[in-house]
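Here the structure is laid out as structure tokens; the discussion comes afterwards.
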Amino acid sequence: MKLSVDWLNEFTPLSQIPFEKVLEKINTSICEIDDVEEFKSHLSSVITVKIKSLEKHPNAEKLQTTIATDGSKEYQIVTAATNVAVGDIVPLALPGTKLDGKEILDSELRGVRSQGMYCSEKELGMALESSGVLILPKDTTLGISVRKYFLWEDTILTIDNKSITHRPDLWNHFGFARELASQLQIPLHHFPLQADTKWESGNQGLTVEKSEHAHAYYVCSIQNVNITESIPKIKSRLEKCGIRSINNVVDVSNYLLLELGQPTHFFDRSKLQSTSFTVSKSKEGESISLLDDTSPTLPNHILLIQNGETPVALAGVMGGKDSAVSESTKEIVMESAVFKREDVRYTIRKTNIRTESAVRYEKGLDSYTCLPVMKRAVQLLKENGNPNVKVFEPQGFNHTESKTVTIETNLSFLRHKLGKKISLHEVTDILQRLGFEVTTKDESLSVLVPKYRQNYDVTIPEDLVEEIGRTIGYASIRTEALSMAVETPIRNPLRELERRVKQFLALEVGFNEVYNYSFASPTDAKLEKEFEVTSLKIANEMPEEHSLLRNSLYPGLIKQTKVNQDRFEKVNLFELGRTYHKEGNDATLAQEKRWISLLSLSKCKPTDLSSIEDEFLTVRETISELFLFLNLPKFEWVKLPRTHFHPNASLVLLYDGKEVVELGILHTRFADLYDLKRRAILSKIDMEVLVQIWETYGRNSHFVPPSHFPQGQLDLSLIMNESDPTESFANLVKTLRIPELESVFVQTIFQGESVGEGKKSVTYRFILMSYDKTFTQDRFKELSDRLVETAKSNGYSLR
């Protein structure tokens, strides 16, 4: 947002305060300033001169030689302009001036000295194109800067919008001046909302139907309108704030927006089809032609202004083209309204149209200004080329006219929250300067919030603390050490466990942690079929891809993988996060579950099933190592199908009979849905179940000294059906309770012609360890024979 210091001075005497102090107070007590600049400072050396003589250039047919005077000094200027004549007053850029990035020089043009350059509107930044030198009125004072002539001598403050998004009262010059006056303790001496305007009796047939879709809505009829240019003051102020002048009626609407922050709109009455107005909502497929020459097709529930049955404006956003003010306009209808900020935000989001009016409405305006702004508009219309307008009584409604906000608090609360001892007199003085009405009894305060601050801004005692704190300056609050006792924090087992799991995944096995939004699309919600019915829709209107709270961490990991699959051969990701589920029809809160989910993207082609199975087993081994890292060795892998996994690659890890982990290869239909080019291996760990198991079995580590004897290993290759789970034989061996057996795992899996169609060769590796003696060849043979016998007796054949 841009603010004119000259305009602010109209309301409060900022010129009496050192400018550096004003800037400091804004930054420390009100908002951040992005930039401070002198408006069109590069034109300071462009002055007004009068052409005294004009002759043909002796050496160039298309050039002319002129003598111009600023009243005290003469300049010889060579020009190619054909629209200048003796006696014309024109702008002259003196040597050293920079226009369009080029410096004007005292130079010779075809042998004749030229001491500057006459300027067009384009070169002064007043128009995109111009056909010749700008000719100024005959009564223009000579020798003055064009900055002074066009009222451009001003300093412009660019305010960071984010820092005042909660302060709609500051989105205008009067509101900002009012705030500055209170902070700098200087008076306000101009009150535009107190304009003295008399209405003509009657309403000229206009009617407004009451509507629940607006806080307030008024219209009035204005006759004897003359369309012309705006006066210099209004044109220059609009330009300094980045708004192009249109005409003396439309400019008043824009001027009011910048002066008071209250949007208004003017309709050409001759173009209206009816005398009745109402605020309603659109129907699917309805269309309206807007001032920006677009005709959007509207969805349901867009807020509209209806004239009879015809939509004439997107309420709070933009007016319609068919009822716009034009050069032939003689009678207008003025609109002043306050719409619900939720409705305006919905319109912005659905139409992607954001205007200065919409920005202010979406912050939440109070309706008390609607009628005073109409009076101020009439005053400006009369000043701006329409002294004879007749304005008839406004028609409309105001649903929130009597709204008040009173906050009860006490001095001890304010002192405690501020961290500073402050007197009751000081508190009262600060709040009253800021426009609050304060009633005190002993140390209790009853504070009536001013109307321009009561909408979504100051509503609770903590807001008063902020008002006092920023006014006295946060730097004045002394820094003190914490006065509370330093105690050992309460142990949080879940946080401890999460830290250990993240340490293992990130540091031990090289997975990368990611963070994803907690929002999901309807498509994402269908990935884990068991959770689809528990999906929660976000109450606030959101784009479809973010319309639900996530019920699974998998979609976020898959989307991250999709982005990175062409950049990296190896993609191993994990995320620690919450999912949200509907607990029941009567539940008021969502059920939150905490998970760690993993994704490992295969490095192989989707058709290389043997290599993919090896990678799947590697991930399974990684999770097994995690449980050993957590001192939880007594786990069991069991085949259990999941709809989102491949039917032959879906496992769960059980511990003490409880399901803790699921692991599988993402089903091809989901891989295709998310455009994954390679197979993805997914897993998730239920952290709530895991922490219970870890607290019960894993926290107390027991040191087992290493054996003094070397370990041995046996490999056994078996032929089995392609669909047989590899863990079946491993689990069978564990039931033999061989005392020397430390672990068993799958070393390799092979498929090919040599093992037969529909078959696979699986090589198991058995790690053997004795703690009291060295293995002998006889014991190795005995164990090997026992394993072979077990395999054969259970239907497996040796390879």
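Using N, Cα and C of the backbone, Cβ positions are placed for all residues, glycine too.
Swiss-Prot has this to say about the protein:
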type: DOMAIN; residues: 40-147; note: domain 'tRNA-binding'
type: DOMAIN; residues: 402-479; note: domain 'B5'
type: BINDING; residues: Asp457, Asp463, Glu466, Glu467; note: Mg(2+) binding site
type: DOMAIN; residues: 707-799; note: domain 'FDX-ACB'
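DSSP classifies Glu467 (Mg(2+) binding site) as helix under the three-state reduction. Counted within 10 Å of its Cβ, the other Cβ atoms near Glu467 (Mg(2+) binding site) come to 22, all protein chains included. Taking the domain 'tRNA-binding' (40-147) as a whole, pLDDT averages 92 in the prediction. Excluding Asp457, Asp463, Glu466, Glu467 themselves, the residues of that chain whose CB lies within 8 A of the CB mean position for the Mg(2+) site are, in sequence, Arg453, Val458, Glu462, Leu464, Val465. Reduced to three states, the DSSP call for Asp457 (Mg(2+) binding site) is coil.
Sorting the domain 'B5' (402-479) by DSSP state (H, G, I as helix; E, B as strand; all else coil) yields 36 helix, 15 strand, 27 coil. Sparsest Cβ environment among the binding-site residues Asp463, Glu466 (other Cβ atoms counted within 10 Å): Glu466. When the domain 'FDX-ACB' (707-799) is classified with DSSP, helix, strand and coil residues number 25 helix, 32 strand, 36 coil.
If you draw a 10 Å sphere around the CB of Asp457 (Mg(2+) binding site), it holds 20 other CB atoms from the protein chains shown.
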